[in-house]
Amino acid sequence: MSNLVAHTVLHSNEKTHVCEVCGKAFSQRNGLKSHMFTHTKKEKRHVCELCGKKFSDLGPLKTHMRVHTNEKPYECDICGRAFSRKDVLITHLRIHTKEKPYSCEICSKEFSVKFNLKQHLNTHTKEKHHKCELCDKKFTYKHTLKLHLLIHTKEKPYVCDICGKAFNHNSHLRMHNRIHTKEKPYVCNICGKVFARGNHLKKHESIHTKERPYICDVCGKGFSQASNLKSHLMTHTNEKPYVCKECDKRFSRANYLKEHLKTHSGNKPFNCEVCGKAFTRKDSLMTHLRLHTKEKPFECEICSRAFSEKHNLKRHVYTHTKEKPYKCELCDKRFSHSSSLRAHLLIHTKEKPYVCEVCDKAFAHKGSLRSHIRTHTKERPYVCDICNKTFSHVNHLKSHKWTHTKEKPYICKICGRGFSQTSNLKSHLVTHTDEKPHVCNECGKKFSHAKHLKSHLATHSDIKPFGCDVCGKKFPLKPSLKRHLKRHER
């Protein structure tokens, strides 16, 4: 009869057994009894014979043994996934039911797991009591500190039985195992897409909801994830804590460094079946393939212009918003992209770290070096699909295509003249301002364009590479030779 009374209390949610130490209440006496051990630090007499872990009660030891036996008696009726503990199954079921019984009293945000609510509450209090004695980094939770310490000890106790890869966290091993099992238990209710990890599903769902609750205090940009905001903030501070030991290049994110390290390994396992070009990363191969397929999956919602790469779409969107959040601290010039600011800063530092191995010419940007190398290799990988003309640079192909379409999207606001390239528009604008920023150090003559100064400098040089085949006279500039040749034609 006493057992029946104890059982009915479970349904009534009545919690009559209260802990005298911390005030926590329980519906059953044995629940309170088990809880009291957390205060008394009861001796852990029950030892696991397989791994040595100790327990104060026999029940938790029995549950723990399932880790070794792989016994999973609690199965989900909806998706068939099995668990070693009943409470884990109950938590899992909330993925399907969308039940979130734990609510934050401060901001009303709801959670399916009580532990997640506890973690969330610390975002309001900002308390970090647990300090690492090795690097002074502080943590909100003791278990997070424990996980962090494995970085210092390099300990990786969790090993994959299939491929032998080791991990410092059990959860990382579990997620890794899904690579082998192809298990993707997390399903998007809106589009049906499946994911191996819960956080991947959460990130994906923000695409549908358009929710961006994490706002940058510097420029006001919103993000769907706290980690993305954290990475973004480094674009303002220029903080790059991840350093490559091979070449000392610095990165703002660990995954950027990880990808960069592949360039030193020389390993390029991903080959293009069309042209044979090899890549260190699969996503680089997928992007490259679009050169052959002409696929442009990223479309601008404002003007419907399509792009083969997502970052090109992002850059394009700024042409509509005119947003330029990145400012140069040396000359106050502003930029739409952090990469443009970084490229611009090299103008001030005069740094040219990328050197051609053929002719030793140095460049400020890696892309400029790659383009230059094609002058030696004569490689012209970009083909016009209208007339089959080939080009060494993709922007040259783009400019050429406008000769077919007659498109001139860059318009001068002063006189209304259209241009197929932004660089041509910039050059044209100088004709309105009479600005001549390029000065000859030899004679002081000023020029509106850098190329005009370059041509002029040849008049001061003794080098005259352009010779007349008729009379042998030599000239420093090709146009000078052309003008001279017309005299022979008269």
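One is the number of the first residue shown, and numbering goes on along the chain from there.
A Cβ is built for glycine as well, from the same backbone N, Cα and C atoms used for every other residue.
Nobody curates TrEMBL annotations by hand; they come from automatic prediction.
Lifted from TrEMBL, the feature list:
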- 17-44: domain 'C2H2-type' (DOMAIN)
- 46-73: domain 'C2H2-type' (DOMAIN)
- 74-101: domain 'C2H2-type' (DOMAIN)
- 102-129: domain 'C2H2-type' (DOMAIN)
- 158-185: domain 'C2H2-type' (DOMAIN)
- 214-241: domain 'C2H2-type' (DOMAIN)
- 242-269: domain 'C2H2-type' (DOMAIN)
- 270-297: domain 'C2H2-type' (DOMAIN)
- 326-353: domain 'C2H2-type' (DOMAIN)
- 382-409: domain 'C2H2-type' (DOMAIN)
- 410-437: domain 'C2H2-type' (DOMAIN)
- 438-465: domain 'C2H2-type' (DOMAIN)
Completion exercise
Summed over the domain 'C2H2-type' (270-297), the DSSP helix, strand and coil counts are 12 helix, 4 strand, 12 coil
Practice task
Sort the residues of the domain 'C2H2-type' (214-241) into helix, strand and coil with DSSP and give the three counts.
Solution key: 12 helix, 4 strand, 12 coil
Fill in the blank from the handout: Per the Cβ filter (under 8 Å) with a sequence gap of at least 6 from its ends, the domain 'C2H2-type' (74-101) is approached by 63, 66-67, 110-113, 185-186, 198
Fill in the blank from the handout: Per the Cβ filter (under 8 Å) with a sequence gap of at least 6 from its ends, the domain 'C2H2-type' (410-437) is approached by 395, 399, 402-403, 446-449
Fill in the blank from the handout: Secondary structure of the domain 'C2H2-type' (242-269) by DSSP, residue by residue, totals 12 helix, 4 strand, 12 coil
Practice task
For the domain 'C2H2-type' (438-465), jot down how many residues DSSP puts in helix, in strand and in coil.
Solution key: 11 helix, 4 strand, 13 coil
Handout entry: DSSP residue counts for the domain 'C2H2-type' (158-185), split into helix, strand and coil
Key = 12 helix, 4 strand, 12 coil
